[in-house]
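Novice: To start, I am sharing the structure in question, which I have written as structure tokens.
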Amino acid sequence: MQWKTIDFYALDAEDKLKEFRSQFHLPRNPDGTEKVYLTGNSLGLQPIKAKQYLLEELDDWANLGVDGHTHARRPWMHYHELFTAELAYLTGAEPNEVVAMNTLTANLHLLMASFYRPTKFRYKILCEAKAFPSDYYALDSHARFHGYTDAVLEIPADKHTGILKHETILEYIDKYADEATLLLMGGVNYYTGQVFDMEEITTFARERGYTVGWDLAHAVGNIPLKLHEWGVDFAAWCSYKYLNGGPGAVAGIFVHQRHHNRLLPRFEGWWGHCKDTRFQMPHNFQPIPTAEAWQLSNPPIFSLTPLLASLPMFRQAGWEALRNKSRKLTTLLARGIEEINDTHSSGIRILTPYSNEHSGCQVSVVFEGIGRQVFDRLTEAGIVTDWRHPDVIRMAPVPLYNSFSDIQKTLETIESAVIEQQK
Ligand SMILES: Cc1ncc(COP(=O)(O)O)c(C=O)c1O
């Protein structure tokens with residue numbers, strides 16, 4: 001590839017999505033120049049329109065008080081419904097299968113209350129090795145709540161690459177089919193950036209009697225999803241990463257239609273009760289026959305509002321263009337780093353299997369022995385990346401707001417940091 005021969009500015013000039021960058025606030029260096037922001041996998045950037053929408057909600061609250069529930073320009077009573085169509089687009093769901101609510105870990109617990117149905121013989125839960133710690137805590141504590149102390153089984157990663165082989169995942173699903181009842185994995189692993197074949201894994205596990213749930217924190221807004229078609233039982237995600245909803249933004253859930261009218265155990269709240277009779281305040285809970293039945297409380301307006309600015313951008317850009325640009329950015333970054341390693345034999349290894357069609361934005365890189373120094377040099381140069389002890393740097397070029405010149409600057413900085421360390 002020879003990254004030094006590539007005209008990154010020409011790539012920017014012909015980039016069909018370049019206008020979207022101006023719809024975000026880019027963090028700035030002390031001299032006023034824009035930083036290179038490669039941590040959209042951790043916290044997405046603020047859409048410019050978010051502030052205006054938030055101010056409008058504050059105005060409506062100031063001017064209308066309680067009447068804002070029904071008479072705000074976007075009435076608060078049904079506010080969460082404003083996000084349904086876009087969330088369905090992003091997750092490949094039917095509109096009645098998704099709802100924006102709560103936060104990710106809280107949602108995982110609520111969904112497990114319905115979908116983790118252990119029996120004496122089949123009570124184990126399969127998840128991936130190196131699952132995000134919060135997921136592990138949620139799974140383990142939920143199993144303990146049911147009285148099982150040894151329920152969580154981790155599907156091991158390859159010792160050398162840290163990546164889970166697809167065959168190993170299927171092998172474990174098959175092997176534990178008599179003991180495990182739930183498979184719950186991250187659709188994209190937070191650490192390695194590995195994207196799992198959710199379609200095949202879901203089908204394979206469901207054929208063996210598992211209930212299948214996905215944590216889509218690192219998947220939603222990063223890769224296209226088809227949750228309905230894949231037959232996924234349930235899923236949950238957060239909105240502050242690729243969805244640019246802001247710190248602690250409201251999360252979302254998916255519940256497949258086939259579960260909507262089942263008699264499932266559920267932790268209930270008044271916002272899950274049928275809308276027609278909710279305000280008659282009856283004792284008997286009558287669930288809304290959609291994913292909304294899992295809601296507990298009335299929607300947190302200020303935490304939802306920034307998503308009004310962000311979510312429509314995905315449909316405007318379109319998945320095809322987003323994926324095209326994302327693949328180009330990520331491949332240029334990963335290949336460029338590999339070339340730097342080849343030229344300087346500097347113990348750099350790309351963890352993320354970035355070249356297969358399932359890969360997403362993120363590239364996780366091991367910088368053996370020099371990780372901290374490279375990270376510090378990137379930070380000094382105004383390049384925002386994510387450090388993971390002991391020697392991993394995670395970088396995620398995001399097609400909505402990263403440019404090809406961002407990649408060039410990052411590669412130049414990494415190369416000069418590597419050369420510096422070899423002096
Ligand atoms: C994969 C994954 N799961 C769960 C969480 C926890 O999210 P929250 O704090 O919103 O519950 C995170 C947070 O980054 C995550 O990346």
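Glycine residues also receive a Cβ, built from the backbone N, Cα and C atoms like all the rest.
According to TrEMBL:
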- L104, T105, F132, P133, S134, D135, D215, H218, Y240, W270, N298: pyridoxal 5'-phosphate binding site (BINDING)
- K241: N6-(pyridoxal phosphate)lysine (MOD_RES)
Novice: Using the structure shown, find which entry in F132, Y240 (the binding-site residues) has the sparsest Cβ neighbourhood within 10 Å.
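Specialist: With the binding-site residues F132, Y240, fewest surrounding Cβ atoms within 10 Å: F132.
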Novice: Scan L104, F132, K241 for recorded positions whose C-beta lands under 6 Å from an atom of ligand 1 and note them, or write none.
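Specialist: The qualifying recorded positions are L104, F132.
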Novice: What is the biggest Cα to Cα gap, in Å, among L104, T105, F132, P133, S134, D135, D215, H218, Y240, W270, N298, the residues listed as binding pyridoxal 5'-phosphate?
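Specialist: With L104, T105, F132, P133, S134, D135, D215, H218, Y240, W270, N298 as the binding residues for pyridoxal 5'-phosphate, the largest Cα distance is 31 Å.
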Novice: If H, G and I count as helix, E and B as strand, and all else as coil, what does DSSP give for S134 (pyridoxal 5'-phosphate binding site)?
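Specialist: SS state of S134 (pyridoxal 5'-phosphate binding site) = helix.
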Novice: Which secondary structure state does DSSP assign to D215 (pyridoxal 5'-phosphate binding site), in the simple three-class scheme?
Specialist: strand
Novice: Please report the Cα separation of K241 (N6-(pyridoxal phosphate)lysine) and D215 (pyridoxal 5'-phosphate binding site) in Å, rounded to an integer.
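Specialist: That separation, Cα to Cα, works out to 13 Å.
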Novice: What three-state class does DSSP give the residue listed as 'N6-(pyridoxal phosphate)lysine'?
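Specialist: The residue in question, the residue listed as 'N6-(pyridoxal phosphate)lysine', is coil (DSSP, three-state).
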Novice: Which three-state DSSP class does L104 (pyridoxal 5'-phosphate binding site) fall into?
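Specialist: DSSP call for L104 (pyridoxal 5'-phosphate binding site): helix.
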